[in-house]
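Chemist: Structure incoming, see below.
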Amino acid sequence: MNYFHCCHRNTINSITIPKSKQNPTPNFSHFPPLPSQLLPLRPTNHFFPRKLGFTCSALSVHDTKKATLSSEPIENEFIRYLNLSPKELTLVLKNQKHWRKTLAIFNFLRSQSLTDYTPNPIHYNVVLRAVGRAREWDELRICWVDMARDGVLPTNNTYAILIDVYDKGGLRKEALLWIKHMTARNMVPDEVTMNTVVRILKDLRKFEQAEMFFKGWCQGNVDLDAILKNNASSNNGDESEMSSGFSPKHFILTELFKSGGRPTRSAIMDTNINQDVGLGGNKSRKPKIPATYNTLIDMYGKAGKLKEASDTLAEMLNSGVEPDATTFNTMMHICGTNSNLYEAEALLIKMGERRIIPDTKTFNILMTLYAKAGNIEKMMVFYRKIRDSGLKPDRVTNRLIFKELCARNMVEEVELVIREMMSFNVKLEQQSLPVIVKMYVGCGLIEQSKLFLEKHCFVRRDECISSSNYAAIMDVYADKGLWMESERVFFRERDTKKDLVEYNVMIKAYGKAKLYDKAVSVYETMTSSGHWPDRCTYNSLIQMLSGANMLDKTRTLVVDMKSAGFTPRHETFSAFIACLARAGIISEAMDVYREMKIVGVQPNEVVYGSLINAFAEMGEVEEALHCLQKMEDECGESNQIAITPLIKAYRKLGCWQKAQELYAKLKENSIDGPDTIASNTMIHLYADLGMICEAQMIFEHLRQKGRADGISYATMMHLYKTMGMLDEAIQVSQEMLQRKELLTDCTSFTIAMSSCAANGQLHECGQLLEQMQMRRILPDVSTFNVIFDVLRKGGTPYETIQQFQTSYTDGKPYARQAIITYLFSAVGIYEVALKSCEAFVTAGITLDMSAYNAAIYTYGQSGKIDKALSLLMRMQEDGFEADIVTYINLALCYGKSGLVEGVRRIYSKLKYGEIEPNESLFKAVIRGYRDVGKPDLADLVDQEMRFSLKLQQEEEEEEEEISNT
């Protein structure tokens, strides 16, 4: 076999073995000659754990028989086993919880030369199983060598154990080679061994080979060479790996094949007689144990051979072999996976008829099948039956129940299951914690998720939550932008050390919340905690900082990443190039692009799109076209990302024909047609040129495809208004307001408000602003410009608007809130206005004049005159004197409340010169008199206003003439 030659000579030669401990290697004629370097390896310093109370070396019998007890604890611990019978010793060895203890007892018994103890195959099998299940391959090899030295021949059960432990240890192909070793000793696999081999081949999905091995065994003719040959041919990659490098597991296997006693001819004959069949015999036989039939049924089910699976079950019953719970479980799974749920459930009834008690796995299978079918109610029925049957849910049950219920946000049902588990003192599994937290967060129950973690995660003392599960919990919060909750888990004191994945998730959480300084801080503190950033750390940071246009920090991280030996991903290069392009540093962006190609990362459409967009924004159309040509040469056809910036560039240059050609190219190359951005650009271009028909065609196409966004509607409204088509503009505006899905961000809301203001729909503007607040979308500068426009159209005095604009520009406290409050009052949304007003009036800080005036106006228009006057007194106490805007608002408040004396008092101040004549104030007084039912006084003030304003105008003209002369 090729793998016999896979060991490095230097490694082998570096191990020195005393001559007294070297034994001649048995000469197996069944195998090719082995290299002389492959001698049995043995550890020279292997000690048992001190907590077991002994310190002797666990070498071979050759060593331990000559040794004396080196410490008293060994004698006290194991001396009581010397007088036990072989059967009792078997039970002692089996009942040990740790493989070291099993091995220590066994070696102690073998070392006692004065006793009658003789090692036997059963005891060796127990030890081989213990060390094999612990994956202690060195100990298993030593045990195998000692077995040969003791003259103990391996039995069928020995090989079955070796095959089983190698299979469960992940060495399935090596496990099959034990069969070849077995047949080399002229031994025939018994049913248990055969079943183990079939199971391994089934798990490897070698169904034909498994069936061939089973049928060969039944006919007394096991053709293992053909099976191994087929297995090797289908795994050439693995074979080459075995032959090309040194693998400790493969070397252990080599030693195992090389070592071990060789049975005598008489022993071989006796073995064959006892097994009732030889290697070359033709005597047929059938399985006699349920486990074999169970394996065969499962194999046929996974191979999709339902008829053969059913025939095997029938043959099992005809042979007098009673099916067990595993048989029915397997048949249920096969029926369920083939959409025969009724038959699967009927098998449960058949189990009862045969008086076979279902186990927890039975109900788990039925729960899984109904969960996959989406029938959660039925799944819960079988979950209840577990406890009703006197069984306990296992880990599979709990994971399944939480996975399915949490995926459907069934909070009450999940909490009920948790309470049931607590009543039986069953703790939640670690893997279920992130699943349940995700459910709570997905339902918006953030506080409940925190309480859940406090109760079931943070308070655990008997079991430490793994770092990966902490990271999964943090990731749930991070995906929803809940960085504070992620931070709370991250900085929580715990017994376990944080893994790198937790740092990466925390960086992600800060990045999604746009807390870039905090993300960089986590990166900088990683090394002090014993962690070095990996590729994921650098890629995440570079991408998020590039998106935030933090160019200097991005450059530093790119240098750090290269110094650490990592190559950035496509997305990282793309983000960095896009950041440089947005900053207008095209030369450096091109340098990164060239470096990208040098390190072997092929630029994709996003990279070329960023470069094309940068050149297009700078008006360098030729360079943009050159990049487009490169993209088509390297990536195939160009796409939306690359062509759309060029259309924008041609629009800026007024080259509508070139833009039209590119747009037509997008239509040809894309199945779904040009995207929304490219289409909006063309609509804008046609709107600038007044080409109504062309713009309408694109807009209608977007509407039919459901792609028209706020910009599409706004551009068409602008086009219609420019061309004097007001009816069409109003129609488009109304349609936009009805489609709530178009209003997703500040820009779309601002466009909608602007459209409403243009059509005189001022109340609708206030409603849109209210929706923005409900969705927590902050208005920007453009939004406030629209608000000022709405106030002008609504008749708000010029002085009030000017005062608002000044306070907004100066960034006065609560200036934004005051403007929004005033708008709500002006358009008649008084309830919202009062709530908004209370937010800054009760803030406990000194307000500026614009905020006081807005609050006085709001209280007055809402009929809260007492609060308006109380606020006026508070304003004066804070050292502010009433200005012209204050008097305007007071006149309106008095009129709204029917206080004629208040209106007359303000008019008196105006009439007798205490307040300079002001048109807005005159109009406020006139409106106040009309609101209190004094139209005659309103007309009188109107005449006074005309006279005063005319006189004031004449005086200003005279002063201007004098100054000119």
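Backbone N, Cα and C atoms are what each Cβ position is placed from, and that goes for glycine too.
Keep in mind that this is a model prediction, so the values were computed, not measured.
Here's the feature list from TrEMBL:
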REPEAT    120-154  repeat 'PPR'
REPEAT    289-323  repeat 'PPR'
REPEAT    324-358  repeat 'PPR'
REPEAT    359-393  repeat 'PPR'
REPEAT    499-533  repeat 'PPR'
DOMAIN    515-640  domain 'PROP1-like PPR'
REPEAT    534-568  repeat 'PPR'
REPEAT    569-603  repeat 'PPR'
REPEAT    604-634  repeat 'PPR'
REPEAT    709-743  repeat 'PPR'
REPEAT    745-779  repeat 'PPR'
REPEAT    848-882  repeat 'PPR'
REPEAT    883-917  repeat 'PPR'
Chemist: By Cβ distance under 8 Å, which residues at least 6 away from the ends of the repeat 'PPR' (745-779) in the same chain are close to it?
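Modeler: Distant contacts of the repeat 'PPR' (745-779): 709-711, 713-714, 717, 721, 729-730, 732-733, 736-737, 786-787, 789-790, 793-794, 816, 820, 823-824, 826-829, 832.
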Chemist: Is it possible to list how many residues within the repeat 'PPR' (359-393) are helical, extended or coil according to DSSP?
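Modeler: Summed by class, the stretch gives 26 helix, 0 strand, 9 coil.
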Chemist: Mind looking up the mean pLDDT for the repeat 'PPR' (289-323) in the predicted model?
Modeler: 88
Chemist: Report, as numbers and ranges, which residues of the same chain sit near the repeat 'PPR' (569-603): CB under 8 Å and 6 or more residues beyond its ends.
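Modeler: Contacts with the repeat 'PPR' (569-603): 535, 538-539, 542-543, 545-547, 549, 551, 554, 558, 610-611, 613-615, 618, 634-635.
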